[in-house]
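> Got these off Swiss-Prot a minute ago, pasting:
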| type | residues | note |
| --- | --- | --- |
| ACT_SITE | His100 | active site |
| ACT_SITE | Asn173 | active site |
| BINDING | Tyr388 | heme binding site |
| SIGNAL | 1-15 | signal peptide |
Amino acid sequence: MRALGLVGLVGVANAVCPYMTGELGRRDTNPDATEATEEFLSEYYLDDTDSYLTTDVGGPIEDQQSLKAGARGSTLLEDFIFRQKIQRFDHERVPERAVHARGAGAHGVFTSYGDFSNITAASFLSAEGKETPVFVRFSTVAGSRGSSDLARDVHGFATRFYTDEGNFDIVGNNIPVFFIQDAIQFPDLIHAVKPKGDREIPQAATAHDAAWDFFSQQPSTLHTLLWAMAGHGIPRSFRHVDGFGVHTFRLVTEDGSTKLVKFHWKTLQGLASMVWEEAQQISGKNPDYMRQDLFESIEAGRYPEWELNVQIMDEEDQLRFGFDLFDPTKIVPEEYVPLTPLGKMTLNRNPRNYFAETEQVMFQPGHVVRGVDFTEDPLLQQGRLFSYLDTQLNRNGGPNFEQLPINQPRVAIHNNNRDGAGQMFIPLNPDAYSPNTLKGSTLKQANQTAGRGFFTAPDRTANGNLVRAKSSTFDDAWSQPRLFWNSLLPAEKQFVVNAIRFENANVKSDVVKNNVIVQLNRISNDLATRVAKAIGVDAPEPDNTYYHDNTTSNIGAFGHRLQSLAGLKIAVLASVDAEESFSAATALKAELSNDNLDVIVVAERFSNGVNQTYSASDAIQFDAVVVAPGAEKLFGAKSAANSSSTLYPAGRPLEILVDAFRFGKPVAALGSGSTAFDNAGINTAVEGVYVADAVDESFANNLEEGLTVFKFLDRFALDSDE
């Protein structure tokens, strides 16, 4: 891609603070953020250890039998214990989120890399090493709360900073763009992708007529759609996703100067994604897979980390790059504007109660702090800023949801907001209005020069005629999807083609299918032709209006080496009848002991040294598979159809090995276990297949190398013209 001259942007964020003015300096206290989280939330804990059961008002009770008129008589209306227990049960559930209902969360800490006061007045970025408590919620978008983690979908990545000047939320996704440009279209988008109104199916899926009808009629969706159809829609885990703020925001300094920025979270584990059949199988076997992975990783002390970066641009750059920076369907290629790292986030504490923390947390793009401001993005302005706040009234039955422990800031609250359902505070000021001259009742107004208040960028202006129209700078919906397509590896292109084929194979309307091909053809004739061939639509002639050969970096979900192997799982396929199986497993664990990997021994039944049985195992549970010596008898030619054992389904050991290879995972064998590869039809000369006589340093290193590659893309068939 043609690089643009950006002298003055690279390195604009530095550790020099030229703007230290204002009557109130930043709060200098910097307690350990992890301890601060525990100290704050512990005030709300209910600990039942060695306690008697009580009512909600504290009276000790027993609640295992209803009060009756005689042992066989009628239950009595006066039984307040029964009524309380049943009533509370009847009202446990609250309305789920309209979108992002399925999620998992964790606490952590953000550490600033330096003093960035030359680009923002935000206190949490004011000093090197400054720590800020955070809470992150990962999610899918379309599915209900009980849907699968493995649905192909955009994934939410919402982060709250509990800063010393109030809460700041980056309410983002794992994909840097969104489907629509104007928030007024949001109900249409969600109604289109949600289950059909007459039958409530399909759940957490877009493989249906309504979704693709909307996509083909609203070309702004195409860019995000391609990201979701690629590996980004089915990540390996929440730990292996990047995050993006999606919109362009403003950072504002103490003196009111501004920069435009895009927020990027970069996973320090490395990007990793699944392939579609693998994700489907996991969805059926363990729909909680990604929740479980995040929770267990943190419990084991394998704390996932992300780096917060920004792309920094001048106000004059709004239209500089050939698109509008306020269009949320566009990325700023890193060749145009490189990333500037601001700090690191570590998630190191699981919630103590899912409902109280992960379910009740409410994120809001309007949660901004001094030094952060909005832009004229029509998806952000009034759209998300209104909707995220408004929906909480429905979910919580009143306006006091900010008083829930997980939503409270870690600083004092002073305002004139009063009453409402569920009021938790006891305001001492009897005169809740401003301006106010009564003694003890005056709340001072905080602004740019007093009280370190929030302030809007002084140079922002609004003018123009009132029109219900889209800016012409938002019109091009095809050039950036083309850029995405051009930047993928051949195997990744095939994954996108396969995904769109799968989705549209479930579309019944020929009109919708033809419209889909029309839109795809505006991106790439190759893409459109390959999809059309599979879904019974005539291949189109090229529509080259938006065709170009530009590429950009850091687009695909594959082809990146993992930076950390912590928490990855290696299956050692063993047999309880072969002692050498367990000797090999023990040796492998010893060689890999410093890598924080899980080596899981799988055998026919539980015995000493066995972690899991074949009956409860599949290739989808593991990131690599090793066949141990002595286990080869389980992989015989007859084992695929019949089994002499009732302990596992016929062919299960062979199936695990074959599927691991098909899904692009590293596979290995030790000693006589290598004969299993013959029965599996695996060529030992291909990349990612390792054979050794015994465990040694070289074998362990090869296996680790295979895990960093994660997916060996040459195992996946490509269309012949690729």
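Cβ atoms are placed via backbone N, Cα and C, with glycine included.
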> Which residues does Asn173 (active site) neighbour through Cβ under 8 Å, counting only same-chain ones at least six apart?
Val141, Val154, His155, Gly156, Phe157, Gly243, Phe244, Val246
> I want to check the contact list for His100 (active site): same chain, sequence separation of six or more, C-beta distance under 8 angstroms. What comes out?
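Listed in sequence order: Arg137, Ser139, Thr140, Val141, Gly156, Ala158.
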> Across all the protein chains here, work out how many other Cβ atoms are within 10 Å of the Cβ of Tyr388 (heme binding site).
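Around Tyr388 (heme binding site), other Cβ atoms within 10 Å: 18.
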> What does DSSP call Asn173 (active site) in the simple three-state scheme?
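SS state of Asn173 (active site) = strand.
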> Does DSSP give the residue listed as 'heme binding site' helix, strand or coil?
helix
